[in-house]
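Peer 1: Here it is: the structure, laid out below.
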Amino acid sequence: MQSPLLFKSVYWATTLSFPSRVHSPSSLLTRPKRLVNANNKRRREIKERHWSSSGSNYKSAMPCSSISTVSGGGLGGSGDENGSLRSFKLNESTFLASLMPKKEIGADRFIDAHPEFDGRGVVIAIFDSGVDPAAAGLHVTTDGKPKILDVIDCTGSGDIDTSKVVKANADGCIRGASGAPLVVNSSWKNPSGEWHVGYKLVYELFTDSLTSRLKKERKKNWDEKSQEEIARAVKQLDEFNQKHSNPDDANLKKVREDLQNRIDILRKQADNYDDKGPVIDAVVWHDGALWRAALDTQSLEDDPDCGRLADFIPLTNYRTERKFGVFSKLDACSFVLNIYDEGNILSIVTDSSPHGTHVAGIATAFHPKEPLLNGVAPGAQLISCKIGDSRLGSMETGTGLTRSLIAAVEHKCDLINMSYGEPTLLPDYGRFVDLVNEVVNKHRLIFVSSAGNSGPALSTVGAPGGTTSSIIGIGAYVSPAMAAGAHCVVQPPSEGLEYTWSSRGPTADGDLGVCVSAPGGAVAPVPTWTLQKRMLMNGTSMSSPSACGGIALLISAMKAEGIPVSPYSVRKALENTSVPIGELLADKLTTGQGLMQVDKAHEYIRQSKNIPSVFYEIKVNQSGKSTPTSRGIYLREASACQLPTEWTVQVEPKFHEGASNLEELVPFEECIELHSTEKSVVMAPEYLLLTHNGRSFNIVIDPTKLSDGLHYYEVYGVDCKAPWRGPIFRIPVTITKPMTVNNRPPIVSFARMSFLPGHIERRFVEVPLGASWVEATMRTSRFDTARRFFVDTVQICPLQRPIKWESVVTFSSPCAKSFAFPVVGGQTMELAVAQFWSSGIGSHETTIVDFEIVFHGIDVNKEDVVLDGSEAPVRIDAEALLASEKLVPAASLKKVRVAYRPIDAKLSTLTADRDKLPSGKQTLALTLTYKFKLEDAAEIKPHVPLLNNRVYDTKFESQFYMISDTNKRVYAMGDVYPNSSKLPKGEYNLQLYLRHDNVQYLEKMKQLVLFIERNLDDKDVIRLNFFSEPDGSVMGNGAFKSSVLVPGKKEAIYLGPPVKEKLPKNVPQGSVLLGSMSYEKAGHEEGKNPQKNPVSYQVSYIVPPNKVDDDKGKGTSSTCSKTVSERLEEEVRDAKIKVFTSLKQDTDEERSEWKKLSISLKSEYPNYTPLLAKILEGLLSESNVGDKIGHDEEIIRAANEVIDSIDRDELAKFFSLKSDPEDEEAEKIKKKMETTRDQLIEALYQKGLAISDIESLEGLKAGTLAVTEGTKDMDRTDKESAPDAGGQPDLFEENFKEFQKWVDVKSSKYGTLLVIRERRRGRLGTALKVLNDMIQDDGDPPKKKLYELKISLLDEIGWSHLATYERQWMHVRFPPSLPLF
């Protein structure tokens, strides 16, 4: 199973909390804990690393950027510009400048020379988590234009369904979608008089950290009110006890119990408080010219006069008027409103993390009073395209990505910045990549993206930034000034270097991966809800907008100077004018072509303005092979380094779409001089004549004489007529020649590796065949202060994401640490050990590291084992190929997987507002509905094998799912990386939402198979047994525990199927039990849990059909004592009742027919209980009843008829005796009597409810025990069944007494009558307790009537804070409809 890993962490400054897939550090140098993907979990994060702004104190030491095992000619020194950063002294201005680095890329020099080219006229699309329009520096540009042109939620996470239309009454009042009465402002123009309404739980719009802050504030207020009520309840009980010190009367005891129940309820509620947040109502209308919207945010305010709908200043789409709102002073969260689909969708746009605002600030912030803190291009404008879905903790979705590209083209943007990404199966591949290529090639947008934070190992660049040809991928650089200022180190490094965690190339197909580098850290603006103006973040997320801002300066100049803007020419200028970082050619794999320089790139663009804008597409194939096609040459495995190889390189000039055939394509011809950086290894022709149709040539690679390690070379072409242009195309050649492991046992040692801050050692080892895991030991010596190391290993296998293991190790003193991790035999493994760039800066000691690797492995003939459901075991042949190994097999089944087909499939065309592609094609959506049922509460995860675990490297556009119960309450949402969710017992719908513009693709998905994986409880986990004999699982002997495998000798073991009696209940036949198995253990690990071992494999068991019931079919031949005539009469009667039951009562005519037939049947079959029960059932099913009291009286009459038709004495007598379960006739009678009893109970229950309802409607007193306030009348001693003042019997009480003879009145099904009874007697605390117990014990989905009853009791008792809390929960438990996708 592949185990792709996340980009390396996100570090957030301050104490803000962020999505669960983002990890915050505990200290300055903490590398985040990686999520090791054993179950193909989601493996991606926003690509940035955030450091604590407090910093730590360090002294400097000279970093060593050389790599001892690297060869390949250098490109000269690191350049004056980079070198000039070595000597500096911070003062206030240079310190402030270091917080927003611009000098490193020459942006400050460029703006000083060309102040009017500061980004003016340039529009940047920020694809990120959303930009706060209220953030500092993001209001206006340097020339006074609005900074933010549009703010869009492309994910749909803030969408509200406002399709419901209402009209205002004479008082200007409407009923909001939440049920709240709302007063509209009389000055609002609404010619149609139609108001679209919807609502939203406000926490769904906020980040986790903001929600956490608000919950603390709200909990504080709630606790105060709760404590007041508890104190009042305790006081009432104390007063009662003083008055009745030892009450003997039953009623007084119940009154005391009621008072105690009130205290218990309040205390329990305080312990179980779970704030789902306030609800905000939204109203949308058309004012005759524009769609407008307003929000009612009273629930967010402490002051009831604040946040009212009528006081809201209406907003329209941000793009039109560029206005935004703030929810409340407490949250300080800005929002934007956009209206779509003719008023039927309102999008409330908030950011899903501070990340997007920070990124926008780096690129474009303008601070008139603090110019040193300006972004790189303060004159540029931007649009915010939110791709981080708030429902997913800020993770991107295909929907968000596609809509963002649509918006960027629609707004005629010049640039796109995207600081998101993840590892990929295939570089330069996928639906999003296809759309990006179209946007870049046809619409000439320049796309800039982060390369990733997964370094320091090679081949860690992520998609899309580091793997897509049409995107400029940016690495992260730290200068001495940044180290001293932003990172607050005491003595910075003497020269700039790449951050240790910045992702490295090459890509799996040999492309360089990183294009150029830019500063990877900054103190930039953040949203107002963080309660600060700016914060420090760093990562390639920060280097990307730094580069994007630099490019914006170039575009600003190009537009002003009349030079056509092309992504091709701009990229070439960046690459050929950047300053190399490091002295070796192989450093390009880390830094790309080097640190970009804006001023030099501008001169290059000026000089080449008359040269055609061409992208030189490189396609490389090994001679004689048509596939695979790559963009470079990457010889990684040992077999590729044993002989010279010949490669065919195709160079194809690509012009922008729409280029003129006669004026551009036909005249294009270039004489190219080809160069190899090392002719003894890479041999190429000397010249090439290149035309528009392209040209191919062959090169020969001879790695046979190279030493073990990393070697990097290039073949590049130079225009003979304009050599000043530099290389116009490059073919990267990366060779990682691994060392072989021939000794036995297979042990590899790397002794006395020397480290200084920032230094990286790489070793390449061919993992021996037969090895599956490694035991490694890292020993450190000769240092004083603590040292922090990144230890990574990477292997590359076809059509898999890079297989990566990683660890962050801190040595507080010289010692040894051990690791165990899986490997793939026969594949090259890179071991990258790096001392973190700022670790050990306070010391002048060199750290010495000794690293030892011991390979282990047991080779088996079956890695993934399938037990077919029969009694037969599976034979497994095990062999140790390398050294003696202890075979300790372990296997267990821990989850069940059930396959489902959709019960419904709906294909729809989406609106053109957001979903019309730049090509003009309309996006379609397919919604698939699946039903599943859980017999018990369980943790489940949906899984779609075709679609899951791929965002960028898939040809499908988008997917999203939500799981809801029968009340439409949503329990889980997810996308391509499903999460496990805990669900209570019940029935569920899963809706899967798929998008694409090709209807044929979606048509094929209409019967898409979906798996629901359910985790078994610990008690149900099945431990499988191994045997040394084929019949051991049946005979019960020959159990296998362990043995020692000797190389060259195989041993067979048998894995037995699970014992049928141990199979968990409610597992349908044909489903699959899944688990893991291992064959050995590392160190002192117990072998019982396979997943804890370094290598585990999947084991599955197909659940067979259930055993045939031996008793099935018995009794069918029993003699019937009834005559044929009698049986025929019964059949006719039952048929009539069946037809009667099927009749509808939707209209007055249907109800009339139903009543006529009921009267006819009653006269024909008098006192027949099943018929009378069906009549009662029919009355209960009536809806839209006008005369409710009359209807209740009908129910009482029908219930009395059922009750009177039953001989209750005979029924009681029957159930007092036990029947013989072996007597078939007796069992039939028992079943009939049980049915009769149930009909009696139901009739009594419905009669009680109807009596209570009539009392409520007529406002009658409940006997002499009417409810009064306080405890004054709570010590009454009246008899339970006393008649009322008029001498009439208490009908409810009489019915209840009969009712409780037959059923447990506290049961969840019938407890409502007990609640009503306690309420009638003024014992509201006891009524609440009974009701709470009913709700808790009810195994079915929550019943809305029970919660409505609870709220009415809370209102009656006077606990307003609890009533408000429950009303907010009603919107969670019983929403009127499912949320929009």
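Placed from the backbone N, Cα and C atoms, the Cβ positions cover glycine too.
What TrEMBL shows for this protein is this:
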- 38-58: region 'Disordered' (REGION)
- D128: active site, charge relay system (ACT_SITE)
- 223-276: coiled coil (COILED)
- H355: active site, charge relay system (ACT_SITE)
- S541: active site, charge relay system (ACT_SITE)
- 629-735: domain 'Tripeptidyl-peptidase II first Ig-like' (DOMAIN)
- 755-839: domain 'Tripeptidyl-peptidase II galactose-binding' (DOMAIN)
- 1106-1127: region 'Disordered' (REGION)
Peer 1: Using C-alpha atoms only, work out the spacing between H355 (active site, charge relay system) and S541 (active site, charge relay system) and round it to an integer in Å.
Peer 2: 8
Peer 1: Taking the Cβ of S541 (active site, charge relay system) as the centre, count every other Cβ atom within 10 Å, in any protein chain shown.
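Peer 2: Other Cβ atoms found within 10 Å: 36.
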Peer 1: I'd like to know the mean pLDDT over the domain 'Tripeptidyl-peptidase II first Ig-like' (629-735).
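Peer 2: Averaging the confidence scores along the domain 'Tripeptidyl-peptidase II first Ig-like' (629-735) gives 96.
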Peer 1: Near H355 (active site, charge relay system), how many other Cβ atoms are within 10 Å of its Cβ?
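Peer 2: Looking across every protein chain shown, the total is 31.
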Peer 1: Once near-sequence residues are set aside, which residues in the chain of D128 (active site, charge relay system), 6 or more away, have Cβ atoms under 8 Å from its Cβ?
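Peer 2: Same-chain residues close to D128 (active site, charge relay system) (Cβ under 8 Å, separated by 6 or more) are H355, G356, V359, A360, S384, C385, K386, I387, G388, N417, M418, S419, Y420.
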